[in-house]
Amino acid sequence: MTITQVKIKKLENFSGSLPEYATEHSAGMDLIAANEQPITIKAGAIQLIPTGIAIALPDSFEAQIRPRSGLAVKHGITVANSPGTIDADYRGEIKVILINLGKEDFIIEKGMRIAQMIIAKYERILWEESSSLMETMRGSGGFGSTGV
């Protein structure tokens, strides 16, 4: 497995620990809330939650912000734009867009694990316009065409 070093900056509102892998085979690192005061996410509402960190990803890398399964299943708290994308040239604070799909208001306390971040390599492409595409068995079938 290749290890890539990424620069991370603690901002003024940072508290707690840097994102880290929970187990040897974890794909994601937990992101920690860095809000000064508790933030209430009302049922059905969306809130932007600060993490107190900024990162400098190498070229051809992105950070994906994804929900934590425990928050989703127990409280209906998930990432509204999942996965959120942090581009390699972004240098601002990483913030997480959380939505409360539950029936009860939910309070985000400082230091709470609110999402997970996955660092992923990607490739850029060039479009090649074509008047036709290679046929496949699936063709244009989508939205459940291969079964439920």
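In case you wondered, yes, glycine gets a Cβ from its N, Cα and C as well.
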From the candidates LYS95, LYS103, give the one listed by Swiss-Prot for the same substrate site as ARG68, SER69, GLY70, ASN81, THR85, ILE86, ASP87. LYS95
State the three-class DSSP label for SER69 (substrate binding site), counting H, G and I as helix, E and B as strand, and everything else as coil. helix
Among the binding-site residues ARG68, LYS95, which residue has the largest number of other Cβ atoms within 10 Å of its own Cβ? ARG68
For ILE86 (substrate binding site), which of the three DSSP-derived states applies: helix, strand, or coil? strand
